[in-house]
Amino acid sequence: MLLSDRDIRAEISVGRLGIDPFDDSMVQPSSVDVRLDGLFRVFNNTRYTHIDPALRQDELTSLVEPAEGEPFVLHPGEFVLGSTLEVCSLPNDLAGRLEGKSSLGRLGLLTHSTAGFIDPGFSGHITLELSNVANLPITLWPGMKIGQLCLLKLSSAAEFPYGSSEAGSKYQGQRGPTPSKAYLNFNRS
């Protein structure tokens, strides 16, 4: 079941759902708008000959922060990691789905490549997989609305929520745009 605006507000008011900083004007009929943080991870395409998800490649990305009051410019065909300004904390019986903003999609901005699902129990910034599929650069302003978080009620609380030792969670408590940790549980079989 998708939560409505009144259900989202109720979950926040009793402290079960955390969105920090929270701005009530960001609540939509069935989602909460989230904003773009000011840090980005860009790929160092001269450090490695290829990306191998089986290997730890610590220098694959570099953290970039635009100058105060300046945007980050995402060029056509470029892919970078960003993150939400908000830290989101989900209880064990709510899952999240991050969706892009329609107005930004119409400009050629993709908010996530594949990872739009947020497990129950997750807490941290949500990493964004930002791509420009337009033929012109797109300016990304820290603090701008970048997506919307939809919340789904589970049929029961997760037995092993994200962050539990049984779940094998790699990104619990992440701050800022977090690079891939695929190598931690990579399996060739």
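Cβ coordinates come from backbone N, Cα and C, glycine included.
Per Swiss-Prot, the features are as follows:
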type: BINDING; residues: Lys101, Ser102, Ser103, Leu104, Gly105, Arg106, Asp119, Thr127, Leu128, Glu129, Gln148, Tyr162, Gln174; note: dCTP binding site
type: SITE; residues: Gly116, Phe117; note: site 'Important for bifunctional activity'
type: ACT_SITE; residues: Glu129; note: active site, proton donor/acceptor
type: REGION; residues: 163-189; note: region 'Disordered'
Max pairwise CA distance, angstrom, over record-listed dCTP binders Lys101, Ser102, Ser103, Leu104, Gly105, Arg106, Asp119, Thr127, Leu128, Glu129, Gln148, Tyr162, Gln174: 33
Contacting positions for the region 'Disordered' (163-189) when only residues 6+ beyond its ends and CB under 8 Å are counted: 37, 39-41, 53-57, 60-61, 63, 80-83, 87, 119, 121-125, 127-128
Most Cβ neighbours inside 10 Å, all chains, among the binding-site residues Ser103, Leu128, Gln148: Leu128
Residue among the recorded positions Gly105, Gly116 whose Cβ has the most other Cβ atoms within 10 Å: Gly116
Rounded inter-Cα distance in Å - Phe117 (site 'Important for bifunctional activity'), Gly105 (dCTP binding site): 18
Cα distance (Å, whole number) from Leu128 (dCTP binding site) to Gly116 (site 'Important for bifunctional activity'): 8
Distance from the residue listed as 'active site, proton donor/acceptor' back to Gly105 (dCTP binding site), taken between C-alpha atoms, in Å: 13
Secondary structure content, the region 'Disordered' (163-189) (per DSSP, counts of residues): 4 helix, 0 strand, 23 coil
